[in-house]
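A.B. asks: Pasting a structure below so you can have a look.
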Ligand SMILES: Nc1ncnc2c1ncn2[C@@H]1O[C@H](COP(=O)(O)OP(=O)(O)OP(=O)(O)O)[C@@H](O)[C@H]1O
Ligand SMILES: [Mg+2]
């Protein structure tokens with residue numbers, strides 16, 4: 001396995017860090033059978049990839065063996081996000097038969113944290129993800145990790161997240177307040193649930209506690225980020 005140096009250039013934020021810890025605890029409390037977790041949202045830019053990275057870092061920091069899979073093979077940006085300069089092999093190359101599993105997984109500068117990059121943009125991402133190869137891979141890889149966190153494209157735009165959801169034990173739905181209506185969030189969550197994936201909860205991300213009195217009174221303890229507990233119904237109360 002190749003080792004790769006990664007850099008998280010985000011500025012540490014106390015409240016964000018505390019909220020991620022709460023999210024991690026809630027993931028652990030979701031049950032032993034929840035190992036592979038996909039993260040999606042209705043729209044682009046709601047903060048999915050950021051949350052994938054934060055959860056995986058947090059889990060690995062407490063000694064859990066964690067793997068990030070960049071399942072957004074339409075717009076894979078983990079290598080750029082993490083300041084990786086060398087060329088890396090990614091999921092799209094594996095799914096299209098151009099790489100083997102042994103070339104795919106990178107250990108990182110963080111102890112216990114491994115990563116699979118998305119690879120070059122494939123012409124038919126949902127087709128590749130629907131292949132038996134991906135199903136078999138997901139079934140096999142879970143035996144080597146405590147948690148696998150899978151980044152996906154927004155479910156409101158493309159079907160890939162629903163395809164990935166088929167092979168995951170649970171899902172986390174990211175919501176940027178003011179961007180997504182309650183009705184649309186419910187529709188997207190239902191679509192993921194139809195794939196047989198249990199939605200563990202919703203994360204309300206990018207909450208500006210200074211600007212928004214509603215959130216500042218309710219969620220002041222969570223800084224710019226708020227994590228709902230467990231059920232998709234709970235998203236209703238946050239809209
Ligand atoms: N809690 C937060 N507070 C402020 N900014 C945030 C927060 N989370 C993410 N961002 C910013 O929002 C932008 C989008 O984040 P990110 O790339 O994680 O979203 P995404 O949902 O993965 O987008 P895409 O659907 O395009 O892949 C980034 O510039 C990121 O730094
Ligand atoms: Mg992303």
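Count begins at 1; order follows the chain as displayed.
Every residue gets a Cβ built from N, Cα and C, even glycine.
Here's the feature list from TrEMBL:
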DOMAIN    47-163  domain 'AAA'
A.B. asks: Tally of helix, strand and coil residues over the domain 'AAA' (47-163) according to DSSP?
C.D. replies: 50 helix, 19 strand, 48 coil
A.B. asks: Take every residue in the domain 'AAA' (47-163), average their pLDDT values, and give the whole-number result.
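C.D. replies: Over the domain 'AAA' (47-163), the predicted model scores a mean pLDDT of 95.
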